[in-house]
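Peer 1: From Swiss-Prot, for reference:
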ACT_SITE  His63  active site
ACT_SITE  Asp105  active site
BINDING   Tyr43, Gly45, Gly47, Asp64  Ca(2+) binding site
DISULFID  Cys42-Cys132  disulfide bond
DISULFID  Cys44-Cys60  disulfide bond
DISULFID  Cys59-Cys111  disulfide bond
DISULFID  Cys65-Cys139  disulfide bond
DISULFID  Cys66-Cys104  disulfide bond
DISULFID  Cys73-Cys97  disulfide bond
DISULFID  Cys91-Cys102  disulfide bond
SIGNAL    1-16  signal peptide
Amino acid sequence: MRTLWILAVLLVGVEGSLVQFETMIMKLAKRSGFFWYSFYGCYCGWGGHGLPQDPTDRCCFVHDCCYGKVTNCNPKTATYSYTEENDGIVCGGDDPCKKQVCECDRVAAMCFRDNKDTYDGDKYWKLPPQKCQEDPEPC
C-alpha cells in the first residue's frame, strides 16, 4: 500500500509532455514507459551519464539529446498537440517548440517499439552508477 501511495505522489508532480510521452509509449510500444524505462541503463530516467548500454538505452540517449536541442520551452512540461492515426502518432500545432518536443517523444516511443527485443531488465534495470562512468559520446 505504501508503494502505491508513493507512486501516486510521484505522478501528481508529473505534468505536460511527460504524461503525453507515457501515452505515446503505451500506444506504440504497448508498455508503460514509467515502469519499463524509468530506471533502465545509463540514460533512461532522470539524467544520463556514460555510454548507452544497448539499443533500448540508446533510445533514451537520443531522446535526451533531442530534448537538449529544444529551445523556447521546457520539454518536460510543454503540452503539445498530436493525433493518433492508424498505428502511428502525428505531431501537430502551430508552436514550433512544442512540435519539436512532440517529435522527440514520438521518435523515442517508436524506438522503444522497434527495440523491444533488446530490452534486458536482468542486466540493465537499476544499473549501478559506476557502470555509467565512461566519457559520454556527443549528441
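Think of each number as a place in line: the chain as shown, counted from 1.
Cβ atoms are placed via backbone N, Cα and C, with glycine included.
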Peer 1: Tally every other Cβ atom lying within 10 Å of the Cβ atom of Asp105 (active site).
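Peer 2: So the Cβ neighbour count for Asp105 (active site) comes to 27.
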Peer 1: Out of these disulfide-bonded residues, Cys97, Cys102, which one has the fewest other C-beta atoms within 10 Å of its own C-beta?
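Peer 2: Looking at the disulfide-bonded residues Cys97, Cys102, the Cβ with the fewest others within 10 Å is that of Cys97.
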Peer 1: For Cys42 (disulfide bond), what is the secondary structure state per DSSP, taken as helix, strand or coil?
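Peer 2: Looking at the DSSP assignment, Cys42 (disulfide bond) belongs to neither helix nor strand, so coil.
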Peer 1: Hey, which of the disulfide-bonded residues Cys44, Cys59, Cys65, Cys91, Cys111 is the loneliest by Cβ count within 10 Å?
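Peer 2: Sparsest of the disulfide-bonded residues Cys44, Cys59, Cys65, Cys91, Cys111 by Cβ contacts within 10 Å: Cys65.
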Peer 1: Quick check for you: of the disulfide-bonded residues Cys97, Cys132, Cys139, which have their Cα within 10 Å of the Cα of Asp105 (active site)?
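Peer 2: Within 10 Å of Asp105 (active site): none of them.
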Peer 1: Where the distance is taken from Cα to Cα, which of the recorded positions Gly45, Gly47, His63, Asp64 turns out closest to Cys111 (disulfide bond)?
Peer 2: His63
Peer 1: Applying a 10 Å Cβ distance cut-off over all chains shown, what neighbour count does Tyr43 (Ca(2+) binding site) have?
Peer 2: 25
Peer 1: Looking only at C-alpha atoms, tell me how far Cys104 (disulfide bond) is from Gly45 (Ca(2+) binding site), rounded to the nearest Å.
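Peer 2: Roughly 15 Å, rounded to the nearest whole number.
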Peer 1: Given the recorded positions Cys42, Cys44, Gly47, tell me which ones have a C-alpha lying within 10 Å of the C-alpha of Cys139 (disulfide bond).
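Peer 2: Near Cys139 (disulfide bond) by Cα: none of them.
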Peer 1: Relative to the Cα of Tyr43 (Ca(2+) binding site), which of the recorded positions Cys60, His63, Cys65, Cys66, Cys97 has the closest Cα?
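Peer 2: That would be Cys60, nearest by Cα distance.
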